[in-house]
Amino acid sequence: MASHIVGYPRMGPKRELKFALESFWDGKSSAEELQKVATDLRSSIWMQMADAGIKFIPSNTFSYYDQVLDTTAMLGAVPPRYGWNGGEIGFDVYFSMARGNASVPAMEMTKWFDTNYHYIVPELGPDVKYSYASHKAVDEYKEAKALGIETVPVIVGPVSYLLLSKPAKGVEKSFSLLSLIDKILPVYKEVVAELKAAGARWIQFDEPKLVMDLDAHELQAFTHAYSELEATLSGVHVLIETYFADVPAEAYKTLTSLKGVSGFGFDLIRGTKTLDLIKGGFPSGKFLFAGVVDGRNIWANDLAASLDTLCTLEAIVGKDNVVVSTSCSLLHTAVDLSNEPKLDKEIKSWLAFAAQKVLEVNALAKALAGHRDEAFFSSNALAHASRKSSPRVINEAVQAAAAALKGSDHRRKTNVSARLDAQQKRLNLPILSTTTIGSFPQTQDLRRVRREYKAKKISEYDYVNSIKEEINKVVKIQEELDIDVLVHGEPERNDMVEYFGEQLSGFAFTANGWVQSYGSRCVKPPIIYGDVSRPKAMTVFWSSMAQSMTTRPMKGMLTGPVTILNWSFVRNDQPRHETCYQIALAIKDEVEDLEKAGITVIQIDEAALREGLPLRKSEHAFYLDWAVHSFRITNCSVQDTTQIHTHMCYSNFNDIIHSIINMDADVITIENSRSDEKLLSVFREGVKYGAGIGPGVYDIHSPRIPSTEEIADRIKKMLAVLESHILWVNPDCGLKTRKYSEVKPALSNMVAAAKLLRTELGSDK
């Protein structure tokens, strides 16, 4: 009975690692105390898998920060700014690379494929000296062995590692990272030799880059690397694991002919096309690790359907050569459903978190070997039947409204320049108008008030008064700073997605469904289980109250449908775009109610639009089409005089700028200051943009307060490529994580910079 888990969440069922890390970083606990928490977490995970009957249990998937950073440490590829002088890499150097320190910045962090996890990007170049500098993979293998548990050490494969890296500062952008393969392979050989000496029988190399669009040169690097490793790998079984999409035909050929490899792992949830490739031929005598249990969602597996797939595969590759596996690491799902006592019983029966997925993998492996657990299978079938027929899932009216969307592309009646003219007559704003992105600092007091209201410790009357006072304070601050378009500061909101999900039907929430985003930061995605609708207005009460406190325009603040979708666990019983259209219709109702209530500027944030972009270029157009369409649905019916803003994070936009223009917002504010102003290069290259645009003029992720001159310089750079009448002046992102002592002087300098340039432009209207 062969069963395998690709990887497992590290944070612990109650985020034990998060709290241990933060305590260590704050100097409140020792390295030994942090290591003790980590050791306990690792051993409990290994024991749990062993008790469940899993044969191939992963080790080295635990990390204090990130698995790619662990590989960087293993290779001794430490950028010189961290002052590392050789020897085993310890916490000081490791965490400096991850988080920066008092004197040098952190390494860059970016999204891990199309997940919401982020990895630390290696900085490589021709002069980096590689040496075996972190023995973590071997140490963890031995640690499990001492507990009597045989594990499969997991290492990021050498080719994916290089393809996930970037040229270090000062290295030519065109430098070929793959040219370093022969420099890093000696370290991989040392690690493998040490694992073999310690008794390892299997080693797993994660090579997820094989699912991307690779050219012949990149594919050749895989062939070369594993030929080079072949002699070292003899005497140990090697699994090459891929995930997140199907493997393209050429890559499949390369992968299945690699030297010295015993098994191949495929994601058969997001990579159903790989099944056809396997049917077309699979190397004889090799093992197929079949990823049939979804590592990226929280739905219970359809065991009967998975068993059918496994039987089909067994007929192709041979009876003992199929290993039941997860589609990818379980890092991307919540930890354990047993920590959800308050979750609705019926909905709970439809779910499986990481701990439950381990049991599903084992149940499928047993069934494939002819030992089917009838009780387990029949309760699974009942849960699926209940989900299919539950009246909570299907809402006929919503289905009909979404179906009626077909055939229109939901554009506003007039073009953007005519709308901007109409809005200017009504709003009468100066050029280089100033605004902020939405949230203001969330103080301890504010969080306490929300917590007490949720726990019914204070009355609704007291709660509303506390929030009203906070809004009033935020409005006064903005008026004193002389900001042009105000926000109410969002004091009533816990999270930009959860706040809306809690007021929409079709959403459920967990108490401990945390998923690691990066380092110690975790997110708790809502679960979209059914058709989405808006029973009543969600934000109108607060926005109207805020507008009544000032004569300046007050922005209504909403989260857009694509962001709500991409930051949730989404139902898997209908296409994602259908769910997105339903959310769009709910937000459309809210936009119309805000407009009726006299709100003249409405911001619909699409922070995560870029995040949902599929891995393969061939799928980009379809995604961008429905994502942008969903945004337009939300505001297609407002009057020309109502100004629609949107906000986006992470400025890797150059490849999707035409889709952004196609969103047809009146004003877009974009995070810009951290990404070396890559964004502005688009406009330098001649892309015509006629709507309002506010590239962030300072970085809110840092406590640093930029000077008036520095901000004015930034604005001047923007004015070199953008017209003054469409340029807005704003920070990068919301201010909720900052302190007032940082926010007030930074905004004061921002307004001063805008006024300075208005004077220079001679039109301070």
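The chain as shown is numbered from 1 upward.
Just so you know, glycine gets a Cβ as well, placed from its N, Cα and C.
Residues annotated as domain 'Cobalamin-independent methionine synthase MetE N-terminal' in TrEMBL: 3-316.
Annotated 5-methyltetrahydropteroyltri-L-glutamate binding site per TrEMBL: Lys18, Asn116, Arg521, Cys522, Trp567, in sequence order. The C-beta environment of Arg521 (5-methyltetrahydropteroyltri-L-glutamate binding site), restricted to residues of the same chain at least 6 apart in sequence and closer than 8 Å, consists of Lys18.
Here TrEMBL flags 432-755 as domain 'Cobalamin-independent methionine synthase MetE C-terminal/archaeal'.
Taking a C-beta cut-off of under 8 angstroms and a sequence separation of 6 or more, Gly438 (L-methionine binding site) has the following same-chain neighbours: Val487, Gly489, Glu490, Lys555, Met557, Gln603, Asp605, His647, Gly734. The L-methionine binding site annotation in TrEMBL covers Ile437, Gly438, Ser439, Glu490, Asp605.
Taken from TrEMBL, the feature Zn(2+) 1 binding site covers His647, Cys649, Glu671, Cys733. Around the Cβ of Glu671 (Zn(2+) 1 binding site), the number of neighbouring Cβ atoms within 10 Å comes to 23.
Here TrEMBL flags His658 as Zn(2+) 2 binding site. Summarising the environment of His658 (Zn(2+) 2 binding site), the number of other Cβ atoms within 10 Å of its Cβ, over all protein chains shown, is 11.
Annotation source TrEMBL lists active site, proton donor at His701. In the shown protein chains, 12 other C-beta atoms lie within 10 A of the C-beta of His701 (active site, proton donor).
Checked against His658 (Zn(2+) 2 binding site) by C-alpha proximity, the binding-site residues Asn116, Ile437, Ser439, Cys649, Cys733 yield Cys649 as the nearest. A Cα-Cα distance of 22 Å separates Ile437 (L-methionine binding site) from Asn116 (5-methyltetrahydropteroyltri-L-glutamate binding site). Ranking the recorded positions Cys649, Glu671, His701, Cys733 by Cα distance from Trp567 (5-methyltetrahydropteroyltri-L-glutamate binding site) puts Cys649 first.
Put simply, of the recorded positions Asn116, Cys649, Glu671, His701, Cys733, the one whose Cα is nearest the Cα of Ser439 (L-methionine binding site) is Cys733. Cβ neighbours within 10 Å of Trp567 (5-methyltetrahydropteroyltri-L-glutamate binding site), excluding its own Cβ and spanning all shown chains: 22. Around Cys733 (Zn(2+) 1 binding site), the same-chain residues at least 6 positions away in sequence with a Cβ under 8 Å from its Cβ are Ile437, His647, Cys649, Glu671, Gly696, Ile700, His701.
Least packed by the Cβ count within 10 Å, out of the binding-site residues Ile437, Cys522, Cys649, is Cys522.
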